[in-house]
Each structure stands twice: as C-alpha cells, then as structure tokens.
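Data block below; observations after.
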Amino acid sequence: MTTNQNGNISTDVSDFLLNCFARSPSWQLSISLPLSLLFLLAMGANGILLITIRLEASLHEPMYYLLSILSLLDIVLCLTVIPKVLAIFWFDLKSIGFYACFLQMYIMNCFHAMESCTFMVMAYDRYVAICHPLRYPSIITDQFVAKAAIFILARNIISTVPIPILSSRLHYCGRNVIENCICANMSVSRLSCDDVTINGLYQFAVGWTLLGSDLILIFLSYSLILQAVLRLKAEGAMAKALSTCGSHFILILFFSTILLVFVLTHVVKKKVSPDVPVLLNVLHHVIPAALNPIVYGVRTQEIKQGIGRLLDRAWY
C-alpha cells in the first residue's frame with residue numbers, strides 16, 4: 001500500500017505478527033488450559049444467563065435487561081480476543097491481517113467503554129431502587145433501558161472510532177511484529193515510522209474521559225446509596241438494601257481491579273516483566289466475563305430460580 005497526496009493509508013505491511021510473551025514463552029503452555037477453561041465458562045455462563053432472561057417472564061424487568069446488555073458485551077469481547085490468543089498458543093498462528101488488526105483494536109476499545117458505561121447505568125438503577133423505591137417503577141422503565149442502550153452505543157461508537165483510524169493511517173514501513181497477544185493501540189502504533197504522539201494523547205484523553213466519568217458517577221451513586229442505607233431503621237432493611245446492589249458492586253470490583261492492576265504495571269514497568277501487562281490485558285477480556293454471570297446467578301434468587309426452571313424443562 002502507498003500514500004497519495006490526499007493522505008490515504010500508507011504502509012509496506014500487509015499483515016502483523018502477534019508475538020505473545022516474547023520474553024516468557026513457557027507461559028503459553030501453562031496459561032493455555034486455564035485460559036480455554038475460562039473462555040468456555042464465560043461463553044457458557046453468559047449464554048445460559050441470556051437464555052434464562054429471554055425465556056423467563058419473571059425476569060423481563062429493566063435490571064435484567066441491563067444485565068443482558070452486559071452479558072452480550074462480555075461475549076463479544078471474549079470472541080474478539082480469546083480464540084485468536086488460543087490459536088497462537090496452540091497452533092502458532094501469529095499472523096493477523098492489516099485491517100483485521102484494526103478491527104480488533106476498535107472492538108476492544110469500543111466494547112470496554114460500553115461495558116464501563118453499562119456499569120454506570122446499572123449503578124443509577126440501584127441508586128433509584130434504594131434511594132427512591134416508590135418512584136422506581138416510573139423512572140426505571142423499558143423505555144429508560146432502550147434510551148440507555150442507545151446512549152451506550154452512540155457515546156462509545158463515536159468516541160472510540162478515531163482510535164483505529166488514527167493508527168491505520170500511519171506509515172508502517174517494514175516492522176510488523178507486535179509485542180503483544182492482541183492489537184492494542186500503542187503496541188501497533190509504535191511499529192510505524194511516524195510520530196504517534198496524537199494517537200497516544202487521544203487514547204489517553206478518551207480513556208480517562210469515558211472511564212473516569214463513569215467511575216466518578218458510579219462512586220457518587222454508591223455514596224448516596226450508602227448514606228440512604230445508614231438511615232434505614234427497620235429491622236433487616238439495611239441487609240436487604242445492601243443485598244440488592246451487592247452483586248453489581250462485586251462486578252464493578254472485578255472490572256476495575258484488573259484494570260487498575262494493568263495500569264499500575266505500566267507505571268512500574270521497569271520493575272516487572274514486559275509480559276506481565278500483556279498477560280493482564282488478556283485476562284481482563286475473560287475473567288470479568290466468566291465471573292459476572294456466576295456472581296449474579298449465585299447472589300440473585302430470581303435468576304437462580306429461573307435457571308432451575310430452565311434446566312428442569314430441558315431435562316424433562
């Protein structure tokens with residue numbers, strides 16, 4: 001590919017090679033089995049959860065619709081990353097097409113931002129349920145979920161689309177080995193012969209604006225929930241209130257903890273192996289996806305009962 005004066009894509013590279021764990025190749029063998037089991041668990045658990053919510057009329061409520069959105073996002077993220085990583089581990093299929101790499105980059109950035117936004121909407125749902133229980137049925141309606149879904153899609157599709165566009169328009173003049181298991185933006189952009197300052201600044205600005213604002217609103221929602229819970233006087237009311245949002249809070253911890261550890265390893269990257277952030281980046285796409293439906297299934301009585309009825313029908 002070449003560049004013309006109109007600024008079209010210019011590159012001497014037709015594909016990239018994903019070089020997983022270049023400094024710790026033995027990790028591939030030891031990680032492949034747990035990773036494949038986590039992938040199967042994520043696909044199976046989210047699939048069962050979606051089917052249960054779809055078939056059980058008692059679960060046709062806004063809270064469970066939001067949980068369905070989260071499960072769909074988890075499934076897409078897993079399918080975008082994990083099969084390719086396992087193909088590298090098992091069959092040494094390191095090659096990924098030029099445009100396929102930037103498509104993967106876009107899906108990862110966009111759907112992670114969508115997931116963060118979904119957690120923020122779910123936090124608002126719990127805030128209304130705890131702090132304004134009498135108004136909950138009139139505020140959190142099916143129309144609210146539809147509008148929230150449109151907002152989640154529009155905000156994140158539009159704000160993340162420049163990331164792969166900026167990277168794909170760089171001039172890749174020969175180097176095509178990505179020191180990563182996935183097509184992370186800066187891992188790819190550093191291979192180009194051009195200045196990647198704008199790419200890095202945009203990714204940083206969008207990441208902290210989207211994820212940062214979501215986390216602030218989530219923290220605010222839970223602060224208000226905590227204040228409301230501490231004012232409850234009725235016996236058992238506090239435990240019941242905390243139980244209704246406990247599952248959601250655990251999911252946020254899964255999502256944010258791995259992300260925080262990933263960021264911290266980049267900050268202290270001189271003291272840890274460069275392969276550690278790569279591993280954490282891969283795990284961030286599968287561990288929350290595997291645990292999210294399990295946490296809700298275990299902690300939510302209605303979902304447990306729905307899955308039980310679904311299994312009874314399938315068995316008999």
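Backbone N, Cα and C define each Cβ position, glycine as well.
As annotated by TrEMBL, transmembrane segment applies to 31-52 (among others). Counting same-chain residues at least six beyond the ends of the transmembrane segment (31-52), those with a Cβ under 8 angstroms from any Cβ of the stretch are 59, 67-68, 71-72, 74-75, 78, 82-83, 85-86, 89-90, 279, 282, 286-287, 289-290, 292-294, 296-297, 303, 306-307, 310.
Residues or ranges marked as domain 'G-protein coupled receptors family 1 profile' by TrEMBL: 45-296. On the 0 to 100 pLDDT scale, the domain 'G-protein coupled receptors family 1 profile' (45-296) averages 89 in this prediction.
The transmembrane segment annotation in TrEMBL covers 64-90 (among others).
Sequence annotations record features per position, and here TrEMBL assigns transmembrane segment to 96-123 (among others). Within the same chain, residues 11, 13-18, 63, 66-67, 69-70, 73-74, 76-77, 80-81, 84, 148, 151-153, 155-157, 159-161, 163-164, 167-168, 178, 182-185, 188, 203, 206, 210-211, 214-215, 217-218, 221-222, 248, 251-252, 255, 285 sit at least 6 positions outside the transmembrane segment (96-123) and bring their C-beta atoms closer than 8 Å to a C-beta of that stretch.
Residues or ranges marked as transmembrane segment by TrEMBL: 144-166 (among others).
Long-range contacts of the transmembrane segment (205-229) within its own chain (CB-CB distance under 8 A, at least 6 residues past either end) are made by residues 109, 113, 116-117, 119-120, 123-124, 126-127, 130-131, 155-156, 159-160, 162-163, 238, 241-242, 245, 249, 252, 256, 259. The transmembrane segment annotation in TrEMBL covers 205-229 (among others).
As annotated by TrEMBL, transmembrane segment applies to 241-264 (among others).
The feature transmembrane segment is assigned by TrEMBL to 276-298 (among others).
Within its own chain, the transmembrane segment (144-166) is flanked in space by residues 62, 65-66, 69, 102-103, 105-106, 109-111, 113-114, 117-118, 121, 185, 189, 198-199, 202-203, 206, 209-210, which lie at least six positions past its ends and keep a Cβ under 8 Å from the stretch.
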